[in-house]
Each structure stands twice: as structure tokens, then as C-alpha cells.
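Presented below is the structure to which this report refers.
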Amino acid sequence: MRNRQDFAQELTLLRERSGLTVRQVAIRIGVQGAHSTIGDWFSGRGLPSTALRDLLVRLLDACGVDDPEAVDQWLEAWRRVRRIPGRRPAGAEPYRGLASFGPEDAEWFFGRGALTELLLQRLDDLGTAGGGVQLVVGASGSGKSSLLRAGLIPAVRAGERPVLWFTPGSRPLAELTALPAGPGALVVVDQFEEVFTTCADEGERRAFIDALCAAGARGALVVVGMRADFYGQVLRYPQLVAVAQSGQVAVGPMSEAELRAAIEEPARKAKLTLEDGLVELLLRDVAPRGGLSDAAHEPGALPLLSHALYATWSRSQGRRLTIRDYREAGGIDGAVAASASKVYDELGADEQELARRLFLTLVHISPDTADTRRRVRTAELIEPGTRREDVLDRFVAQRLITTDLETVQISHEALLTAWPRLRAWLDTDRAGLVVGRRLAEDSATWRRENRDPAALYRGTRLATAREWVDTAPSAADLSPPAREFLDASERRERAEQDAARRRTRRLLQLVAGLLVLFALTVAAGTVAFTSQLDIREQRDMALSGKVANEAVALRAINPALAAQLSLAAYRLMPGAEARGSVLSTFATPFATRLTGPALAVYAAEFSPDGRLLATASLDGVVRLYGVRTGGYPAAVATLRGHTQGVTSATFASGGRMLATASDDRTVRLWDLTDPRRPRAAATLTGHTQGVRRVSLSPDGRILASASYDATVRLWNVADPYHPVPLTVLSGRPGAAGLAVFSPDGRTLVTNGGTTSLRLWDVTEPRRPRRAAELTGHTDRILSAAFSPDGLALATGSFDTTIRLWNVADPRRPGSPVVLRGHRNGVVSLAFSADRRLLASGSYDTTVRLWDVSDPKAVSAPVTLEGHADTVFTVSFSQDGGTLVSAGQDNVVRLWDLRGDVLTGHSGGVNTVAFSPDGTVLATGSHREARLWNVADRTRPVPLATLRGHTDGVSWLAFRPDGRVLATASLDSTVRLWDVSDAARPQPLGVLTGHTGNVFSVMFSPDGRTLATAGSDRTARLWDVSVPGRPRELSRITDHQAAVIAAVFAPAGRVLATASADHTVRLWDVADAARPEALATLKGHTQNVFRAEFRLDGRVLASAGADNSVRLWDVGDPREPRALAVLNGHTNSVNGMVFTPDGRVLASAGSDRALRIWDVTDPRAPGTATILTGHTDALLSVTYDPDGRTLATGGADATVRLWDTDLNHVAVRICALAHPRITQTEWNRYFPGLPFTPPCR
């Protein structure tokens, strides 16, 4: 036995020979709670710890090993596998692992001598100046704390200067009470970022900063050490800005000589020898990737190096550190993870859960900054003598966690990224952890302020916290004080709702009284009644806006409820906020939740005809739902029979048979001839462990079942009532259990080893032949799926990657394309029926959609968020309009994929344009343009990709007849394309002449002239009457900076140019060869990016970097007049467009907002409706010819289609939004109003 897997395999064989199950072994041992622990030993997930040696001996006895010699052989093998290290040199620990060096470690601190001297010189200068503050900045892991504590402080103490060192914590002012009296004292504030992450009180934060600066002004030498990624926070405080401007010490990477000293000198001091080549290997492993830097190591690599050295030394025999020890410790990238995983794997299941909670408590998570470690008071974290203290001690022993008399913290933030399991814990419920942490901080503030009711939650914050407590796994760690705070918030909200209902009743009574008064005294009553109606209208408007904004905040958590709230708010009072909330409903992926399963859902799959959906759950139940287009699935039947969790479910091609697999070691076949009355057809047995996956050949005649027993069994199920076993394929223990047929049924993919897959030729299913082995993944393979045409195979792994293999010839697979994006293992994969999309579900709780229509140019995925835990299954409906996902959070989600978000570009989408007939959409991005068939807005279909440009496509425009497309590029050219057959575009000609980027292109109304604009400060007019032979006609050179846009007026006689010189100029181009200047429009204060004429040519809109849109009367282009300024965007406006009727203007900004303005009267524009959905800046916008659909392109690499017909959107909401809003939810958001659900 050489490793853990060998030990687990031999232990399993021993158990099987004894005829016992894991549960039976646990019962024989007679130790409560042992089942989970020894189950990990049999599976290879864990090894017996030294503390559990006696339990291992009892297990061996239970399995029949009672001979002392045989027991000793097992124990020797166990020790060998555990690789217990020999004795280390006594009293000398040369390396610190993840822990920072302290003053007591100064003799072991090497490599930072020059930087220490620089810092001392800076302090001498401060002392000469009478005191001050010195900022020390560096990346996480650069060694700031060690520099300050083991370099600076010992050097200063040698001069007998009083020193105060501390980290701010949650109450930083309290730390300053120990400030030494008199001038000249050294105050070292380490981990200053805690002021922003741990101190939640802004008042105390400002007071602390003031006190620090005041101490410096009184003569103290104040040194502030801080992570560089918090530099932006510093700039919010004027006192700190002054400190930063006066000079700072940057802690950068070491040079090679310094790094070599940090490795070699501690070993020399401890009288250790380093094997030849070890230092060079270490230097090579930490060197910057690509070799483009003079630094000796990557930023943040020092703690990883330190821990790798510590782990190598801990594992070494005697006084020699070897390359073998280093590699077995895990190397630079793996030593931290190996140490943490070793401790974790040796814990029992209950202790592992305690470890998870412990680490989550020790991390500060923020939505705005990187994760940081968090110091926690020991008394708040553990009670002496408890199992939690024991768990803590084990991680402390490996220097992964550091403790002192009062606090506990993770030894270094490097652990947050280096240990995949901790990353997974953080990513699994990141949003929930942020909510929980804020809840804990806010509850503490509430208690400090004597339970001030004003500090309680209400509205959206309370709804978000309540949703998290009800659904998120991390909510189990909510402290009693936080629960008390939340309960008090809910009581206050109920009281406010009751008060609102009373006010409403009083108002209605008052209105009734006014009606009586109206009947008696018409004139006087009319005035009073109108006044009360105004009050009621104002109340409804305020409530409508409030609920609409809450719906936007709720959209990511519960999109179905958010959509219904938006619609209800709009119907209460159709204000701009409610309208924008409704129209934004489908701009982000929309999911409804399917009710039914009460435990984790392992499988959810549509039948081939799309009429049924089957879900399989940990509760051992399979549920069938009827599916109708545009409707909510209705429960049809429940299949019971399995005695443990159901892990897999798949339909036969005709949908008349369903196969299910279970942890109960069986596969069951179900006759679905009548889906409402399913019948059990047969039970397949033979596997000795749970069955993880079941797959049916396309003709439904052959079934493959893959089990944790490392076998795949093939069955003939042509007659599902009388299945016949065919053969058994064996794999290596520890593999995930995969079996998937290709679409033609001739190939089967199974696990080979843990990191490899095998392709089998199953043309003769009784005698499968091995076709090929797929290798490349670096961790366990969890999922696999064939594309519908069988040419590609997608595989997902614990290594977080997806690989796309060309298996057109299964005997000679091509090299894979690697897709990266998930932050944890990829558990599930599925292709859409048209092969264009690949869906992946992961342990990181997300679903991602990849456009794989061109496997060699796969764009960044669209991420679907909403699940609170692992996504075990994904499946597309046959029409591709719906994706189902389900997982550990017990939730089945149905995602509507109908056409609202178009993916495929690899970078920001700079430009979008509809063809004149509205059936084709052109989009431009990095080096390419794409054409889409959008005749059916709910089913956009990619048509073609236009390639040829060597830099980004900045703008594109159709000729008025729609037969020619022009594309402008940053490569200084414009290209013309024949798109009369949009599925087969042909290049026509290339316009060259600009000497810089070309930003804009537009055809004249007659299609004979083309206008372009560029960074060479020119706009140019071209004769393109013969597209294959374009000819330059004239140049406009009057602008003083880049010309960013050139657009024709609808009549074609006037051209407007917009420039970085802050102006818009109008030109008479009736004779395109001799443009004549007409007027200059001034008013913008920064670059003008766009100009756009209204269809009648009488109004011009301009927009730019000053965040504004300006409207101009250009009815007389020689005498233009300013009409209005549209303010509201909080960043530059990058695009705008009028509707064909000119009554509405849409503007797109870098603030991620799409604003729709009523410009019926351009002198008095109406309030903007704001649409949200893009996750980065909006770069372009256009209307379709009928003015109902907007298309936008964003820096998030997506194109979004917005239906602006509110009635049409409302119908779609009510078709999809399930479950319906409840009376309780209504009362929460509309207190005092009658229950009027927007969808019946």
C-alpha cells in the first residue's frame, strides 16, 4: 500500500470479504457516530488519525483481523501511508509557515535589510521634522507585517525608543489608550485595513484617524502598514491623503539575492543542509509567470513559500531538506492546501462541520473589497474543553491559525485563496455570508446604542435578511444577539404595517365622509375631496416607487416575486421607478422555482418531446411534472420505490420509459405510457455500492449504470419488464461514476481513473472495445456530456475546468479546448439541442452558459446566480427556451432563456444596429462583427461572423436598403460587406486613409455616400455608389481633437460631427466633395461621444463624457438653439437613439443604466425611466424600426434585447412568475392595501 487510495481499497476488500456493510461494521465497533468517520476511511476521503488508532484496531477486529501479527502489518501500512515524519532538530524552527515574523523572531528574519534601512531613514527624517505619519503599503503576502515587527521594531528598540504596536480591530480608539507619553514614541499600526473591514462605526473610524494624525503632529513617529488594495479607501479621508502625498514606503517583491537569503540563511543558522538544486527549484517555482518581471517572485507568494519551507522542514528526516520532501509537501502551490486538508481530513464529520463554521467566522467578506482574515475574541469563538477548541488546536498546530491570550485569527490571508475547500465554503454562500456578517455588525451597533429602534432593519434590508435566514446554509451560524435583533426588526415592521393599515382605514373613512359632504355641498366638497385624492395619489406614488426599488434589490434572490412586485407597484401607480422595474424584469436571467422536493435534488431532466420534467431527490422520490409552452409545470405523478436517495434519472428517446438510479444500489425502470399512472417495470441489481449515473442509448435498448463500486454495467432493456445483463466494465476505485452514451449509441464514455476518461466502442454491447483514453484533467472528473451531433464531448472536473474534446473519431480524440470560469468543481454539464450552448453547474453554486458554437473561440460565459449550494444537475428543454437546474439547496429552478441576452462576443460590444426591416441585428466587438436573425425576438439565431479587422470594431451601419453593412475599426479601416444573404456575407471593399482609429461610420439616406470619423481629427466623406471601389470625396479638418462621430440628418444635406474638443459641428454636405461649415454647438464640458438626429431632422441630441445629453433645435442648421439638458447619468453617456416617431430618446451610459426619456416636448423632457440589467458599462444602443425593442451592447460582452411594450412584458411575467405572491408577502410590501395579486 503506497497511498491513501490503496489503503482505502484494501480496507474495502477486507470489509467485503467479511460480508459486512459500512453500517454493520460501525455497529460492531459499537462507537456512537463512527459510521461517518469510518465511511471516509473506506472511500479514501480520510485516514485514521493517531488519536483514532484504537478505533482502527477495533475495525480490523470487526472485519476478522484478530491475529496480532496481521494487525501489526495493517498498522505498519497505516503509518507508512500517513508518512509520519521523523524527529526534527530540537529547539530550532527556521521557518514560520503562514505566521508573520514577530520581534522575537528577528534573528530568523532575512532578506529585508535594505527595506528596513530605508524605513529607519524615513523615521529619522520624521523625527527631525518633529514627528508625523509614515505609510507602508504592499500587496497581501508581500511581508509588511514581518517587516514592521521583525525588522523595524527590534531595530528601533535597540535605540531605546518607546514602542506601541497594535492592529486596529473593531475598537481602534481603545488601542491608542496605551500610547507612550512624550514625543519620539514609535506607534506601529499593522493591518490598518481593519479600520475599514472590522471597525463598523464610521464615527470611531474618523476619530481614530484624527487621533493618529494628531499623535504624529505632537511628535510621535506613526507607522501605518496597509494592504495596497485598500488604498482607495484611504483617499476618502483628507488627513490620510496628505500622508500618502508626503511619501510612502512600498513593500514590493524581493530581488533574487534577497529571496535566496530568506531561504538559505535560516537553514544555515539552524545548522540544516539544503539538497543541491532545492533552492533553485524554489526560486523557479515562485518566479513571475512569463518571465517579464525583474522581481524574483509573484506578488503574494512569500507566505506560500514560507509555508512550503515549513512543511518541507516538518517532513524532513534529520537535518537535511530534500527536493523529495518539498514535492511531497505539495510544493509552492500545494503545501498550504495539503496542510489544511490533512488536518481537515483527519476530523470526524461533526468536527469537519465545526471547522467550516470556525473558518467562516474568521473571514471578513465584503461585496466591495477582497476577502480578509478577521480577528475574533477567543471567548466569543470557543468554550474551553469543547470539541470546537480541539478542532481549533489542530489547525493551530499546523500554523494555519494563530492564537494569543485573547484573540484568534487565520495566520495569513494566503490561506483564503490557497485552500480550495475554504474558497468553496466562501463561494457557496457568498451573498448570504455578507448579509450575515452585516447582520452581526448591525446587531452589535444596535446593542451599543441601547437598542435604538432607529437602528433596526426595515424594507428591503429586512426582506433580504429574512430570505437569507430562511434559505441559506450559513444562516445556521446566526448568533443569539443577531437573532434578537432580527426578531425586534420584524416586530417593528409588523407594528408599522398595523399602523399603516390603521391610517389607511382612517383615510378611507375620511374619504367616505368627504363623499357625504360632497353630496351636501357640491362646491366646497369638491375642493376638499380633490385635496384628499391628491394626498392618496401621493401616498400611492411613494409606495409604488418604494416597492419598485425593493423589487430591483430582490431580483437576484427571488426573481419571480420581484417581477410580481414590480407589476403590482406599476398598477398601483404607474411611475417611472415602477415602469423601469417592470421593463427590466427579463434583462437578467429569469428563473421560477418549482415546488415539491424537500431535500437535495440530484437530477432534473426534460423528456425528449419536452412534455415531461422528471426530478430525483435525496428523499428517494422521483417527481413527474407536465410541461406546456409558456406555462408553469404541473405535478403529474410521484414515483416511489427506491429506499435511499435517487441520484440520476433519464428518459428513453420516446419518453415512454424512465430509468432511475439510487444510493440503494439499484436501477429502476418505469413505464410512462400513461404519465399520470406510471408503472414500475423492473429493478436492476448487481452493484455493490450506490449507483451514481444511469444512461440510455438513443434507441432506448441499452442501459449503462455507473456505480461507486468502480464498475459500469450494461443491460439490454429493449423489453423494460425483462431486462437482460450484458457485461461489466471495471474502472479504478475513487472515480466519480460516469456513464454517458453518444447520440448515435456507438460510443460510451466512462471513468478510466480519477482524472481520466475512457471511450468504449459499444457497437456490440456484449463485447465493448476500448477506443481511447482522455487525459488532461488534474483532479477528479465529475461530469461529462456529448454534443447533440456527437462531434464534441464536454467534461467537468474538480480542477474547476471544463474541457471540450473533438471526438468525431472516438479512436483518435483531438486535443481539448479548456474553459475556465468556475471557482470550484464542475458537477453537471448539458448541451442545448442546437449545440450552440453548453450549461455547467458547479460546487461554486452557479450555473454558467457558454456559447460553444465555435469551440475554438468560446466567449466568456453568462453566469446564472440564485442557488444557495451545489448545482448537481442542468438540462435544456428540447426547444432550448428553458434550462432546468437543481441542487443541494433543495430548489429546482427553471430559467427562461428566450432571447433577452445574446452571448458570443469575447469582449465588450461596442456597437449594435438593426437592419432596416428589423429582421437582422448586427453587433460589433473585438476584431469581429456578428449577424443575428431576430425576426422572432424570443428566438435570436446566430447567422454569421464577419472577420477581417485586426482591432476592435467600433461602429457599424446598414445601407438604407439593408444589402450592405459597413464596419469601422480601431485598425484605421472601414470594411464593406454584402449582407443581402445575411447567413453568407461577402466582403466588398476596404476604405483606407484614416491614420488612426476609426470611431464612426454612417451611410447617407440615398446610400451613395459614407461618412467616417477618426482619432486623426478628421471626418471623411466617401463615394460608395460602387461598394467594391470606394473613393474618398472630402475631409473635414476643423476639429481640434479626435472626431468621434459623424452622422447624416435624415434628408442627407446636413452632417453633424462630434468631437473630443467638446463641440458638435454642423456641415452642409449637399455637395459631398465640398462640405461647408454651418454652425458650432457649444455646451458640453468634456468629450462628445455621440450625435443623433430626430427623424424629422429638426432636433439633434448630443452626449458625452460630461454625463449629460443635450437637445438642440437645428431646424435652421445655421442658427441652432439649445433646448434642454438631460441630467441623471452618473458616468459618461456612450450612446443614444430616438424612436422612429421622435417622442422618446434612449441613452446608454457607463453607469450601467439605460434611460428612456419622454421628449415629446424637447424643451421640457419628462422624467427618465431607468432600465437595469447589464453588469458593466453600456457602450451602445439602438431601436428596431417599429420602436418597440431596444438593443444594447455592453462592456460585459453581452447584447440585451429590451421589450418596451409594458403590456406585453406584463403578460410574459404572469406566464412565468411562479410561485404566485402570497397574502403574507403582499402584506409585507403593501401594508393596509387589499390583496390584489397582479397575476391570477
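Cβ coordinates are placed from backbone N, Cα and C, and glycine is handled just like the others.
Please treat TrEMBL annotations as automatic predictions, because they have not gone through curation.
What TrEMBL records for 11-71 is domain 'HTH cro/C1-type'.
Same-chain neighbours of the repeat 'WD' (639-680): 599-600, 602-609, 611-612, 614-624, 626, 687-696, 698-700, 703, 705, 707, 715, 717, 720-721, 723, counting only residues six or more beyond its ends whose CB sits under 8 Å from a CB of the stretch. Annotated repeat 'WD' per TrEMBL: 639-680 (among others), in sequence order.
According to DSSP, the secondary structure content of the repeat 'WD' (729-770) in residues is 0 helix, 18 strand, 24 coil. Summarising the annotation, TrEMBL assigns repeat 'WD' to 729-770 (among others).
Long-range contacts of the repeat 'WD' (774-815) within its own chain (CB-CB distance under 8 A, at least 6 residues past either end) are made by residues 734-736, 738, 740-744, 746-747, 749, 751-752, 754-759, 761, 822-835, 838, 840, 842, 850, 852, 855, 858. For 774-815 (among others), the entry in TrEMBL reads repeat 'WD'.
Across the repeat 'WD' (819-860), the DSSP tally of helix, strand and coil residues reads 3 helix, 18 strand, 21 coil. Per TrEMBL, the feature repeat 'WD' maps to 819-860 (among others).
Sorting the repeat 'WD' (864-898) by DSSP state (H, G, I as helix; E, B as strand; all else coil) yields 0 helix, 18 strand, 17 coil. Residues or ranges marked as repeat 'WD' in TrEMBL: 864-898 (among others).
Remote same-chain residues near the repeat 'WD' (902-934) are listed as 849, 851, 853, 857, 859-862, 940-947, 949-958, 960-962, 965, 967, 969, 979, 982-983, 985, 1176-1177, 1179-1186, 1191-1201 (criterion: CB distance under 8 Å, separation of at least six residues from the stretch ends). If you look up TrEMBL, you'll see 902-934 (among others) marked as repeat 'WD'.
Residues 907, 910-911, 913-917, 920, 922-931, 933, 994-1003, 1005-1007, 1010, 1012, 1014, 1022, 1024, 1027-1028, 1030 of the same chain lie 6 or more positions beyond the ends of the repeat 'WD' (946-987) yet place their CB under 8 Å from a CB of it. Sequence annotations record features per position, and here TrEMBL assigns repeat 'WD' to 946-987 (among others).
If you look at the repeat 'WD' (991-1025), the same-chain residues 6 or more away from its ends with a CB under 8 A from one of its CBs are 951, 954-961, 964, 966-970, 972-976, 1031-1037, 1039-1048, 1050-1052, 1055, 1057-1059, 1069, 1072-1073, 1075. What TrEMBL records for 991-1025 (among others) is repeat 'WD'.
The repeat 'WD' annotation in TrEMBL covers 1036-1077 (among others). For the repeat 'WD' (1036-1077), the list of distant contacts is 996-997, 999-1000, 1002-1006, 1009, 1011-1021, 1023, 1084-1093, 1095-1097, 1100, 1102, 1104, 1112, 1114, 1117, 1120: same-chain residues at least six beyond its ends, Cβ to Cβ under 8 Å.
What TrEMBL lists as repeat 'WD' is 1081-1122 (among others). Residue counts for the repeat 'WD' (1081-1122) under DSSP, split into helix (H, G, I), strand (E, B) and coil, are 0 helix, 21 strand, 21 coil.
Long-range Cβ contacts of the repeat 'WD' (1126-1167) within its own chain (Cβ-Cβ under 8 Å, at least 6 residues beyond either end) map to 576, 580, 1086-1087, 1089-1090, 1092-1096, 1099, 1101, 1103-1111, 1113, 1173-1183, 1185-1187, 1190, 1192, 1194, 1202, 1204. What TrEMBL records for 1126-1167 (among others) is repeat 'WD'.
Mean model confidence for the repeat 'WD' (1171-1203) is a pLDDT of 92. Annotation comment: TrEMBL describes 1171-1203 (among others) as repeat 'WD'.
The transmembrane segment annotation in TrEMBL covers 507-529.
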Positions whose Cβ lies under 8 angstroms from the repeat 'WD' (1171-1203), at least six residues beyond its ends: 552, 580, 583-584, 586-588, 859-860, 862, 899-903, 905-914, 916-918, 921, 923-925, 932, 934, 937, 940, 1131, 1134-1141, 1144, 1146-1156, 1209, 1212
Helix-strand-coil residue split for the repeat 'WD' (774-815), DSSP-based: 0 helix, 19 strand, 23 coil
Long-range Cβ neighbours of the repeat 'WD' (729-770) (under 8 Å; 6 or more residues past either end): 5, 8-9, 12, 43-44, 691-699, 702, 704-708, 710-714, 716, 777-790, 793, 795, 797, 807, 810-811, 813
Residues of the repeat 'WD' (639-680) by DSSP state, where helix covers H, G and I: 0 helix, 20 strand, 22 coil
